Amino acid sequence: MRYLPERPNKTASANKALVSFMNESSSNQRPEVVWHDQSVSREDRERQLAQRGCVVWFTGLSGCGKSTIANAVDRKLSELGAVTTLLDGDNIRHHLCAGPDRLTAEHGPEFAERFGLGFGAIDREENIRRIGAVAELFASTGIITLTAFVSPYARDRQRVRQLIESVGRGGDFVEVFVDTPLETCEQRDPKGLYKKARAGEIQNFTGISDPYEAPPTPEIHLHTADKSPEALADEIVNYLKQNGMLIRT
């Protein structure tokens, strides 16, 4: 049985506020680039889905368990009937945020150099900017959007939070810090990346040759040492239930 939230009676004014915000935030755009309102509001979509669109942002060192836990959450939410999507860091690097080497064959070296992303500080910033924009689009249609990225810099995560909550509502961005000690991640090393980083074969590797800025006040702080991925996933699902993202039995 599905319980639908009460339909907001100020949907039109809310839509106007969104259009105004987006146009103001795009003040540096060319004059012909404007934000267009949509006939189906976010509130209408959320009412239809019986859930609240949001972004659940997993962050942590490589090998900390982000993808494993995010996939467990995705499965549990699907079993509850929720509409979700999962954006995974490795998968995104194959297309939307592909590196120059991958883009050269199809688009040529000039395109690849301009739009391909590596792992330096500026490239990481652009990687997270793109992901944040995509995540916002999903959330604005009422989808519970899970993202699993190292996202090492606090400033980049904060920018995504501001985007999600400015376009949507406070609380729409749920930061999940998967707190696993570096030593544990390095022992796991499922992809052999830490070994290569220690040998100098990989530059700008988070935790070794590039910093990770841990969230001081995440919405959810997962300590992985003494709990299984399933138990940690349950914590996140319970948080979403308690905070109104899931409006169903």
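Each residue's number is its place along the chain shown, starting with 1.
Backbone N, Cα and C define each Cβ position, glycine as well.
What TrEMBL records for this protein:
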ACT_SITE  Ser151  active site, phosphoserine intermediate
BINDING   Gly60, Leu61, Ser62, Gly63, Cys64, Gly65, Lys66, Ser67  ATP binding site
DOMAIN    52-98  domain 'APS kinase'
DOMAIN    116-222  domain 'APS kinase'
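For the binding-site residues Leu61, Cys64, counting C-beta atoms within 10 A of each C-beta gives the highest total at Cys64.
Report note: the ATP site is defined by Gly60, Leu61, Ser62, Gly63, Cys64, Gly65, Lys66, Ser67, and the residues of the same chain whose CB lies within 8 Å of the CB centroid of those residues, excluding them, are Val150, Val178, Thr180, Cys185. Over the domain 'APS kinase' (52-98) the predicted model carries a mean pLDDT of 96.
Counted over every protein chain shown, other Cβ atoms within 10 Å are most numerous around Gly60 among the binding-site residues Gly60, Gly63. On a Cα basis, Ser151 (active site, phosphoserine intermediate) lies 13 Å away from Gly63 (ATP binding site). Neighbour counts of Cβ atoms within 10 Å were compared across the recorded positions Ser62, Ser67, Ser151; the minimum falls on Ser67. Neighbour list (Lys66 (ATP binding site), Cβ cut-off 8 Å, at least 6 residues apart, same chain): Phe58, Thr59, Gly60, Gly89, Ala148, Phe149, Val150, Val178.
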